[in-house]
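The Mn(2+) binding site annotation in TrEMBL covers H128, D151, H153, D155, D261, D263.
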Amino acid sequence: MSSTPSNKFLPSPKTVAIVGCPFSGGQSKLGVDKAPIHLVQAGLINEVEELGWRVVFDGHHQFEDISTPPDGIQVNVTSDPAVNTALDASIARLRSPLLVAQVCESVASAVQAHAEMGHLPVTLGGDHSLAMGTISGTLRAYDQACVIWIDAHADINTIHSTDSGNIHGMPLSFLLKLNPPAPSPDSVLAKFDWVSHLPAERLVYIGLRDVDRGEKEILKKHSIKAFSMHEVDRYGIGKVVEMALDHVNPQRDRPIHLSFDVDALDPSVAPSTGTPVRGGLTFREGHYICEAIHQTGLLVAFDLMEVNPTLADAESVRQTVTVGCSLVRSALGETLL
């Protein structure tokens, strides 16, 4: 069944735009780009329509027109050799930064266009680097939007703190403008200048349990609100969601962008994902978050990220895809009764 409170920001008829983003360039494991196709083939569009939504889906974005610049692009130009050396070493660790920047910019434009037409964009990833694009698109259309980030990981490493160089672990550092400014228009960092600015006080995490040391320092330094699995255990998911909303949306008047990485769920619930961590959200806790955010009437965008249909046996893949579809339905109004 569905429960559909009036949405304070979406016009009637209520419309969902499915934005399929088969992209894996923000990390090193193959297969996450297959998730949007699996989710749609599992019947997601029909399921959303059965909840009373009109659905716009023009096929998956293939990013055919995106190509990285030739080798030899200027990295950094500053007057301080020490600064150049530190920046060069950090940028050299990044995986496919030019490709990620261009793909995410394309996604931002797509999400922005749908949002400005009054659609609710549901972006199917792909890896979580795409959130640079989805959240930027939301902020272009709703400049006061807040972000609720559901994840086992903080995804807020900077170019200096990252060990892996995988940009799916870095999107929030670009959104919060925590990386150094580009030293020249030709530097790699300048290719991320289009990313919108999300103020730290408008971000809240739920479900963290695998946070890098550098990320912990970043969260403390910038007073970023986070509810780890410790708080979920201590207070229960209902209280945690209310506290999260109280922090980023105290008057319940801001649009909400909900970005959900399936690895926030325990691997027993969603095993087919790239970076599973034991001790995660239960099936019901994950769905409760989506249900509660829907009930606010403030949801304007939803991301489902990091389903990887190639990393487990067929039954585990089916289970994870089914859970992914179910999370989308819950965010769009499906209820137990």
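Placement of Cβ uses the backbone N, Cα and C atoms for every residue, glycine included.
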Exercise. For each of the binding-site residues (H128, H153), count the other CB atoms lying within 10 A of its CB, then report the residue with the highest count.
Key: H128
Quiz prompt | Other same-chain residues whose Cβ falls within 8 Å of the Cβ centroid of H128, D151, H153, D155, D261, D263, the recorded Mn(2+) site, in sequence order | solution = W149, A152, A154, H168, G169, A264, T275, M305, E306
Self-check item: In the chain carrying D151 (Mn(2+) binding site), residues 6 or more apart in sequence that have Cβ under 8 angstroms from it
Solution: H128, Y205, G207, L208, S259, F260, D261, D263, A264
Self-check item: Neighbour count (Cβ, 10 Å) for D263 (Mn(2+) binding site)
Solution: 27
Quiz item: Counting only residues 6+ apart in the same chain, whose Cβ is under 8 Å from the Cβ of D155 (Mn(2+) binding site)?
Solution: H128, A131, W149, H168, G169, M170, P171, L172, D261
